[in-house]
Amino acid sequence: MGDVTDLKNKGNAALQKNNIKEAISLYSQAIGIDSKNHVLYSNRSAAYAKQKKYVEALEDAEKVIQLKPEWPKGYSRKGSALEFLNRFEEAKLAYEEGLKYDSDNEQLKQGIKQCNQHLTGPAGSQPINPFSNLDELKRKLKLHPKTSKYFEDQSYEQMLQELNEQPTLLASKLNDPRLQNTLSVLIGVDLDMSGANGDEPMESEEAPPAPKSETPPPSKEKPSHEQESLEEKGLGNAAYKKKDFESALAHYDKASKLDPTNMAFLTNKAAVYFEQNELEKCREVCHKAIEVGREHRAGYALIAKAFARIGNSYMREKNYASAKQFFDKSLAEQRTKDVLAKAQQCEKAMAEAERLAYINPELSLEEKKKGNDFYNAGKYPEALKCYNEAIKRNPDNATLYSNRAACYMKLLEFRLALKDCDECVQKDPNFIKGHIRKGGALEAMKEFSRAVDAYQKALEVDPNNSEATDGCRRCLHNDYQNRNNPEEVQKRAMSDPEVGRIMRDPAMKMILDQIQRDPKALQEHLKNPEVARNIQKLLDVGILSVR
């Protein structure tokens with residue numbers, strides 16, 4: 001453990017001196033020794049971010065959350081990495097998740113504000129920038145006959161560069177005919193034509209209407225074979241809605257033979273296989289659709305839909321790793337809230353499966369015994385590490401939370417001890433030691449009235465418990481002394497942010513003034529649950545007293 005701490009400190013020093021490569025190397029060496037140390041991954045994530053390796057920074061941040069999900073810093077690291085990757089919706093979700101564990105964390109709140117500045121799309125979504133991948137964009141535009149000639153003019157490339165860096169300039173440049181044709185090619189819609197070969201959402205899950213793939217005809221009338229293929233597609237869609245899947249397949253097959261360049265017929269055919277639960281065939285047809293789409297420069301939305309349908313098929317089989325892989329591919333083509341939500345759902349399912357697979361009561365008992373040995377020897381950090389591992393191996397064992405709470409008490413981490421005690425008594429309300437340790441933690445925090453409640457809960461389980469009886473007596477005495485000691489009352493009130501909030505509330509100030517003038521008004525105000533809670537808090541800290 002000493003080597004790990006030394007390497008971490010050296011890494012921190014290197015990072016402060018901007019020796020990023022050295023810092024990453026030192027953190028990596030430390031991780032090689034202690035792969036369960038969440039702080040090391042957090043520090044290396046920060047180093048990767050400084051090196052502009054944001055994908056690696058994100059991977060380390062996700063590892064931090066996996067190792068210590070209740071640590072807000074992990075979500076801050078994840079949100080920051082996602083912001084650098086321009087994945088603002090996901091970054092905002094990461095910050096919001098972190099606030100569940102620390103609702104007052106200013107860094108997480110600031111991260112959400114920064115993300116909101118970029119989420120200006122419908123319903124607070126991330127607007128799609130068709131000019132985001134400049135290299136791929138130029139390759140596609142140079143190959144297309146409508147836009148290849150524009151590259152002879154240097155101002156065209158300059159315009160693309162400006163839109164890549166500042167997509168908000170798009171509206172101001174829409175009068176440029178070159179930009180109109182460029183958008184036609186990029187999003188797969190001929191802006192001069194009212195008809196195109198689009199796909200329709202076929203599966204039962206909701207999906208936004210997809211941009212239609214581009215098949216620019218030389219005139220406004222479609223070739224006869226193309227028109228026939230669209231008619232067959234319409235018949236297929238009608239049969240699909242009636243659940244006549246065999247007829248739908250026949251029509252889609254005929255449409256594909258008439259126009260083999262339109263991938264929409266294949267994605268609709270895959271939707272039929274999805275409904276029939278023939279998932280392997282669904283995936284096979286989707287892969288073929290993607291090949292056809294790539295070959296004939298179909299719109300990003302159609303390619304995204306095919307990838308998403310493959311992801312849906314794996315998700316139905318509960319193969320979340322493969323589903324996540326294809327949802328990510330879909331998001332790389334076009335970002336939609338539906339697919340993003342499914343990708344996140346897969347992440348949670350994978351994390352839960354990994355957590356459940358890790359559970360092993362026998363190994364948990366071994367770690368508990370090691371922790372007890374360390375605790376009895378006064379080696380509390382080592383004991384804490386063992387109890388952490390024991391809880392991961394058997395998270396439903398109430399005794400483990402009580403043991404870890406005792407360890408936190410020795411390390412003077414009273415709030416963490418209180419959190420573990422709450423978890424302990426929630427899992428086993430009759431576990432008397434959990435109530436007693438909760439009383440001890442609250443007593444150490446000088447919250448004597450709450451400590452009395454905890455000790456009384458213990459006495460409800462065992463009325464003859466001397467430890468709980470002594471605790472009650474001690475807390476009542478201390479509470480009485482504190483209430484009659486103005487300095488203690490003031491000190492406790494100043495250190496409690498909730499008391500500060502109550503005292504700054506103009507409505508509460510008026511209520512308190514009224515109670516001081518007319519004590520009988522207290523009963524009326526106590527009918528309001530919010531006011532009653534605030535008054536109880538002031539009574540607990542001794543600012544108010546009822547005679």
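A Cβ is built for glycine as well, from the same backbone N, Cα and C atoms used for every other residue.
For 208-218, the entry in TrEMBL reads compositional bias 'Pro residues'.
Among the features that TrEMBL reports, compositional bias 'Basic and acidic residues' is placed at 219-234.
Each residue of the domain 'STI1' (144-183) gets a DSSP state, and the totals for helix, strand and coil are 31 helix, 0 strand, 9 coil. Taken from TrEMBL, the feature domain 'STI1' applies to 144-183 (among others).
The feature domain 'STI1' is assigned by TrEMBL to 496-535 (among others).
The region 'Disordered' annotation in TrEMBL covers 192-236.
Long-range neighbours of the repeat 'TPR' (4-37) within the same chain, counting only residues 6 or more positions beyond its ends whose Cβ lies under 8 Å from a Cβ of the stretch, are 43-44, 46-48, 50-51, 67, 389. According to TrEMBL, the feature repeat 'TPR' maps to 4-37 (among others).
Among the features that TrEMBL reports, repeat 'TPR' is placed at 38-71 (among others). Taking H, G and I as helix, E and B as strand and the rest as coil, DSSP gives the repeat 'TPR' (38-71) the counts 27 helix, 0 strand, 7 coil.
Residues annotated as repeat 'TPR' in TrEMBL: 229-262 (among others).
Sequence annotations record features per position, and here TrEMBL assigns repeat 'TPR' to 304-337 (among others).
TrEMBL lists 364-397 (among others) with the feature repeat 'TPR'. Below 8 angstroms of C-beta separation, residues 1, 36, 355, 358, 403-404, 406-408, 410-411, 427 of the same chain, each at least six residues beyond the ends of the repeat 'TPR' (364-397), sit close to that stretch.
For the repeat 'TPR' (432-465), same-chain residues at least 6 beyond its ends with a Cβ under 8 Å from one of its own Cβ atoms are 398, 401-402, 405-406, 408-409, 414-415, 417-418, 421-422, 424-425, 471-472, 474-476, 478-479, 482, 492, 539-540. Sequence annotations record features per position, and here TrEMBL assigns repeat 'TPR' to 432-465 (among others).
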